[in-house]
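Before any comments, here is the structure.
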Amino acid sequence: MVHWTPEEKQYITSLWAKVNVEEVGGEALARLLIVYPWTQRFFSSFGNLSSASAILHNAKVLAHGKKVLTSFGDAVKNLDNIKKTFAQLSELHCEKLHVDPENFKLLGNILIIVLATRFPKEFTPASQAAWTKLVNAVAHALALGYH
């Protein structure tokens with residue numbers, strides 16, 4: 001179980017309240033597919049992923065990014081029970097999709113970059129530390145199905 005200070009919870013929830021899940025989720029997933037092209041193999045049904053421009057404008061990428069970030073919002077709502085919150089998604093990604101758990105860390109790091117660029121005033125070092133703790137907790141919870 002992750003232990004959160006009241007300040008960490010505040011940094012996370014106050015910034016999350018400003019996040020446009022569709023835009024941030026789409027950008028984060030698109031960046032993952034561009035920066036780490038080997039992750040594209042999990043999205044072969046998404047059509048044209050041949051260039052950065054194609055990925056950034058791919059409706060399926062953007063829609064799935066929204067879906068991913070909507071699920072991430074469940075972590076924000078359940079900070080004290082992240083493992084249970086992601087138990088089913090962990091099983092799906094492990095047993096059916098066979099996603100390398102390192103990819104969860106990569107996406108978390110990209111999410112931090114996207115948040116920092118979209119909210120430069122709010123994304124202080126203390127906020128970054130809280131968000132880093134959160135994305136690491138989510139990545140760990142998603143990887144539990146591999147143990």
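Heads up, the Cβ atoms here are built off N, Cα and C, so glycines get one too.
Features as listed in Swiss-Prot:
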- 3-147: domain 'Globin' (DOMAIN)
- His64, His93: heme b binding site (BINDING)
In sequence order, which same-chain residues at least six apart have a C-beta under 8 angstroms from His64 (heme b binding site)? Leu29, Phe43, Phe46
May I have the DSSP-based helix, strand and coil counts for the residues of the domain 'Globin' (3-147)? 116 helix, 0 strand, 29 coil
